[in-house]
Amino acid sequence: MSEAKRLAAEKAIDYVEDGMIVGVGTGSTVAYFIDALGHIGHRIKGAVSSSEQSTARLRQHGIEVLDLNHTGNLSLYVDGADECDPNRCLIKGGGAALTREKIIAEASERFICIVDPSKQVPVLGKFPLPVEVIPMARSLVARQILALTGGQPVWRDVVLTDNGNVVLDVHNLQITDPVALERSLNQIPGVVCVGLFARRPADVVIVGGEPPRVL
């Protein structure tokens, strides 16, 4: 699938215009996008990064990393996904960067999601749903998620997010109404961010292949 990821990432370069500040996500597919962006880095003003990992890779390519507080809204955000449904709703957060990813997506006029074909699903939920949680609320949130959804929350106990929080991965879900579930989980005290991108889905999904498909 690495070739499909690369092809999707390189297709996303078509959406980058001269003088842009580009929002950049996190993950293995985005790494290919950053590498491709490095070839045209002289054409853009810089990037806003969703993780320390992506920041380091951008700087390796000589791309200036800017603070979202100073840039205002962005024209373009490019990121991957763990799952994508036919409505371009996503599960994200396998790399534990979901909160910053959601912030940048919200601040961007256009969200381009780059995936390999294995990420396309008819219904979200086979991939465990990440939920970023304040550490002291971990058990409380897990109990409430279990009661609300029937899914099984599992603490990703070797991981802290870049924000210093923990991640619960919710297994055994079949998410037929992603917008409603995103809204409900966000109401639980202690939840920082839910890895459902449904209220603000992708505007365009690029599926890697020969040739890439644009949805």
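Keep in mind that glycine also has a Cβ here, set from the backbone N, Cα and C atoms.
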Identity of the substrate-site residue among K119, K126 (reference: T26, G27, S28, T29, D79, G80, A81, D82, K92, G93, G94, G95, source: Swiss-Prot): K119
Env. residues of substrate site, Cβ within 8 Å of mean position of T26, G27, S28, T29, D79, G80, A81, D82, K92, G93, G94, G95, K119 Cβ: G25, V30
Number of Cβ atoms other than its own within 10 Å, given for A81 (substrate binding site): 28
Under 8 Å by Cβ from D79 (substrate binding site), counting only residues of that chain that are 6 or more apart: G23, V24, G25, T26, G27, V30, S50, K92, E101, I104, A105, F111, I112, C113, I114
Long-range Cβ environment of G94 (substrate binding site), under 8 Å and at least 6 residues apart: G27, D82, F127, P130
